[in-house]
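Asker: Have a look at this one.
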């Protein structure tokens, strides 16, 4: 086991494209860190730099107290699990798991003990004589994890390992990976574009965008207090409703006061349909219902803002508002009719205010 520390890590490709823009990160011994962000944000590049599969332009990567910038991947004491499993098709499950240990010259009794222990942990003991083509996608991913486990590394690296699995199997494997990591107490860094995967797996959540870190924190802290509008819109499904208060002179009233320019945010579950005004300092929005999604235990209501409520147009065209869509999440299956006009309210402590450029969170 080991901690992993990144100090001002940068990656610039020939031609000047800066893929990683000065990342600082510390993953404690035994912690599960998830790098999450959209495609092209640099999360896989950063993971490959930790693994030694990508060179570092500047900065330091420290694993277990040792700077590994110039250390070969095989000597970093890490094990990596890939999206495509990377199994040898002509080898049995046993030999796939034992292959790396044999190459390192490990004694046969030790190899046998490690493979059998990993097979027991992953419940694949009955499959050791099978070839990869005889396995399901979930079973292949277990074998790939077993191959990593037998190395007994200081750090596990996961590069979108569940992307090739169907939705049901993804959920099952996600739970297995978390249980496995807790059981082994091995430091892990995991890359995904799936924010639900990230929220459920992480001790430390690192939200990335355009080669840089937007926010680091526990999943619940990141969800409850997003540092930027990017984080607010990326973490959460449906995403946070974001209302630009500077568009066409639009402002919001809180307790009789009018805000300055910025971006107002509110989570769909923090809006309630009500004809009664909220407590002092809360927010009221008038909406026209445009779509309904019933998904069983909850319903999503999509509405377009209409004049009224606590959003005031104080531009040269009083009474007009940009046609921004608002999403409401309500429990159960009862919902207003499409075309109906409704009022929704939010309590002040559930509101978020960001700077006009979206880069800074402001207290409401």
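Cβ coordinates come from backbone N, Cα and C, glycine included.
These figures come from a predicted structure and were not determined experimentally.
Heads up, here are the entries from Swiss-Prot:
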- 37, 38, 39, 40, 41, 42, 43, 44: ATP binding site (BINDING)
- 4-235: domain 'ABC transporter' (DOMAIN)
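Mind mapping these onto the model and telling me what they sit next to?
Answerer: Counting every protein chain shown, the Cβ of residue 43 (ATP binding site) has 27 other Cβ atoms within 10 Å.
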Asker: Have a look at the binding-site residues (39, 44) and report the one with the fewest Cβ neighbours inside 10 Å.
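Answerer: Lowest Cβ count within 10 Å among the binding-site residues (39, 44) is 39.
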Asker: Tell me the Cβ neighbour count for residue 38 (ATP binding site), meaning other Cβ atoms within 10 Å of its Cβ, over all protein chains shown.
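Answerer: Other Cβ atoms within 10 Å of residue 38 (ATP binding site): 13.
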Asker: Go through 37, 40, 42, the listed binding-site residues, and name the one with the sparsest Cβ surroundings, counting other Cβ atoms within 10 Å.
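Answerer: Comparing Cβ neighbours within 10 Å for the binding-site residues 37, 40, 42, 40 has the fewest.
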Asker: Let me know how many other Cβ atoms fall within 10 Å of the Cβ of residue 41 (ATP binding site).
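Answerer: By my count, 24.
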Asker: Cβ within 8 Å of the ATP site centroid (37, 38, 39, 40, 41, 42, 43, 44 excluded): which residues?
Answerer: 45, 193, 208, 209
